[in-house]
Structures are given as C-alpha cells and as structure tokens.
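The following features are taken from TrEMBL:
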- 174-242: domain 'Peptidase S8/S53' (DOMAIN)
- 295-394: domain 'Subtilisin-like protease fibronectin type-III' (DOMAIN)
Amino acid sequence: MRVSRCVCLRESTHLIFVKCGVLHTVGASTIDRSFVGKLKLGNGFSLEGTSYFPQSVLVSDVLLYYGKGNVTKAMCQKLDTKEVSGKVVFCDNNNSSYILGQIIEVQGAGASVGIFVTEMPDLEPFLYSFPSLILKNGSGTKVKDYTTGARVDILAAYVPNRPFMEEGAYKLATDYALLSGTSMVAPHLAGAAALLRAVHRDWTPAAIRSALMITAYVVDNSYTLLKDQRTGHPATPLDFGAGHIDPNKAMEPGLIYDIDMQGYVDFLCGLGYTKKQLHSVLRRDTWRCRENRPDLNYPSFVAEFPKRLRSLTGKNFSRVATYVGEDTAFYHAVSVVPLGMKITIEPSTLLFTRKYQRRSFVVHVVVEKDTPPVTYGFLKWTDQQNHTVSSPVVAISG
C-alpha cells in the first residue's frame with residue numbers, strides 16, 4: 001500500500017508525524033448473532049440469557065444467593081463476602097446502566113457465578129470477565145420466585161468466545177472472540193482496505209475508501225434500518241456513517257469517487273488554511289489554490305441550513321464518478337428521501353463506454369421549512385449489472 005503522512009497540526013514549531021496508508025473514520029457496531037447462555041434451575045425449569053464467558057461451567061453443590069429483604073444486597077450494590085463467597089449470586093436491578101457496577105461488586109465479593117437482570121439489548125463483551133449470565137426482566141422474575149423456595153443446585157452453561165482468560169490455574173483459549181469498540185473496528189477496516197489494494201493495485205487511498213463506503217449496507221438481517229444501540233430507535237448516517245462494509249461488493253463497486261492531490265489542496269484552501277498550515281500539511285513549497293474550487297469528491301453529502309427556515313431552501317453539490325468496470329454501463333440515479341426533503345440529480349443518467357471514464361453530476365438537496373433538525377436520504381446509482389452505488393445525504397438545520 002502507498003504510505004502517506006498524517007500530520008497532527010498545531011500552532012507550534014513541532015510536528016507529529018504518523019505513517020498511514022488509508023484514512024477512514026470508523027465506529028463500533030453490533031452483529032446479527034446471539035450468544036446464548038443457559039440456566040437450568042434445580043426444579044428443572046430452564047432459561048436463556050446472554051453470555052460471552054468462554055467455558056461451559058457446571059455449578060454443583062453451590063447455593064443460589066439472593067439478598068431478599070435488603071435492597072442494597074438484592075441489587076448487588078454492596079455484598080458481604082462472607083455471605084456470597086463461592087455462591088451463585090442473583091442481582092435484582094432493572095437499571096441497565098448499573099450492570100457494570102454489579103458485575104464488579106459480585107466478582108470482588110468472591111462469587112462463583114453472577115446472574116444479572118436488564119432489558120438492555122446488548123452489553124460490552126468485556127463485562128463478562130467471570131462466569132455470568134444476563135437475563136431479561138421476565139426471566140429474572142422466575143429466578144427470584146425460585147430463590148424464595150428451596151436453595152438447591154443450578155447448572156449454568158456458557159458459550160465460549162473470549163480468548164486467554166485465567167480461570168483458577170488454567171488459561172482458557174478460543175479460536176474467536178468478540179472484542180468491542182473502534183479499536184477493533186479499525187483493524188477490520190484496515191484488513192479490508194489491504195485486500196482491495198491487493199486486487200486493485202492502481203487504486204488510490206481515496207478510491208479504496210470510496211469503494212468501501214458506497215457498497216456498505218444500512219439494514220440488518222431483517223431488512224430494517226440499523227438501530228441506535230443506546231436508544232433502540234432507527235439510526236441515521238450521523239450514527240452509522242456509510243453503513244456496514246461489504247468487502248466482497250467493494251471488490252467490484254462499479255463506480256468510485258476518486259480524489260487527487262489537487263482535490264485535497266482545494267479542500268484545505270476552502271477551509272481557510274494559512275500558508276504556514278498548508279506547508280505543514282502538504283510538506284511542499286509550492287501549491288495552487290484554484291479560484292473556482294470544486295467540492296471535495298467525497299462519497300457522501302451533508303447540507304447545513306439555518307436553524308429556522310422560512311421557505312424552501314436548497315444546496316448544490318458537484319461530484320465526479322469514475323467507472324471501474326470492464327463493459328459499457330448505463331447508470332440511473334435514484335433518490336430515497338423522507339417527506340420534506342427532495343434530492344435532484346443532474347444529469348440523472350450516466351453512460352460509460354470504457355474503464356476509468358469519468359462523468360460529472362450535480363446533486364441538488366432541498367428541504368422544507370418545517371423539517372426536523374436532522375433529515376436524511378440516500379442517492380443511489382444503479383446499472384444493468386445490479387451494481388448499486390449508495391451515498392448518504394444529510395440535511396442539518398441549525
């Protein structure tokens with residue numbers, strides 16, 4: 001891969017350089033898989049919850065502890081080590097934000113297993129640092145009812161997926177694990193970019209980024225829009241960006257949005273960079289800021305409007321699409337927008353007769369005066385070979 005330089009620019013004589021090939025903005029997301037932990041009570045009743053602990057644990061001759069009658073103990077806010085050490089501890093709490101505190105308290109008190117209750121759909125895998133199970137409120141009620149009766153043995157089985165954990169004198173290993181956060185998203189995307197570079201040796205970093213973005217998808221396995229994990233509501237491009245990448249489709253995207261050096265120079269000039277700042281970033285003595293600067297040829301669109309629109313308002317964006325297919329292709333523009341928003345593309349059709357042929361077009365985004373603060377849609381180019389080149393279009397008021 002080509003190595004470029006990323007500069008952390010600040011007002012001083014010192015520069016910090018980081019070698020990098022392709023720059024992407026990434027974010028963590030969930031996957032369409034469930035990792036089930038099973039709980040079998042002594043009365044034969046079985047429940048299913050969520051667990052990432054990497055071992056099947058048989059718990060026998062151990063009491064199930066529930067601090068009924070003491071709110072602090074029942075919610076695992078403050079446990080007595082003498083009471084819970086070596087036991088299976090049930091924590092009664094519907095406040096999902098407190099789960100981490102409960103896990104820390106239960107583990108610190110020396111419990112063998114922790115059972116927690118929450119309606120939060122997904123929790124961070126690192127929370128399962130010892131044998132534990134997450135139950136929904138309904139299942140938690142059944143466990144509470146059971147604990148008020150006879151104290152008998154329970155069986156907790158856990159799906160393995162966290163590597164190199166210590167359990168007593170043993171280190172547990174697994175072939176795959178779920179690790180959370182953008183720190184893990186970044187290497188995933190870097191790997192996908194490296195694969196694209198291997199297939200298309202002449203592509204620029206901007207072309208690789210473009211291919212990954214325009215072929216990404218924004219629906220889950222039930223074909224509904226991706227949701228915000230925190231709220232459970234449908235997410236927006238301000239949350240998921242271009243979407244979930246699909247490296248296989250990115251291998252043959254059909255079209256790309258490429259950016260050359262002059263494109264970046266014009267972008268920095270448009271941001272009002274001083275001569276000193278431009279020299280620090282570009283690492284060269286000469287450059288040219290064109291008077292009629294085109295828009296940065298980026299595969300997404302964000303239109304900002306005044307906070308209180310009094311009438312129909314619109315903004316224009318210019319883009320250049322580069323054809324990377326082999327045969328003649330005819331692309332047709334399709335806009336997917338909500339009420340109060342309109343996207344017009346001129347021209348609405350693009351004809352390509354050879355590889356690397358370029359075609360320019362203009363996107364006109366219009367929003368009505370009573371639209372929400374954030375409104376979004378999608379511009380999609382489709383051809384006769386079932387290629388779909390998708391770009392988010394976001395309108396922000398205020």
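Note that Cβ sites are derived from N, Cα and C of the backbone, with glycine treated the same way.
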Let me know the model's mean pLDDT on the domain 'Peptidase S8/S53' (174-242).
85
For the domain 'Subtilisin-like protease fibronectin type-III' (295-394), what are the DSSP-based totals of helix, strand and coil residues?
0 helix, 60 strand, 40 coil
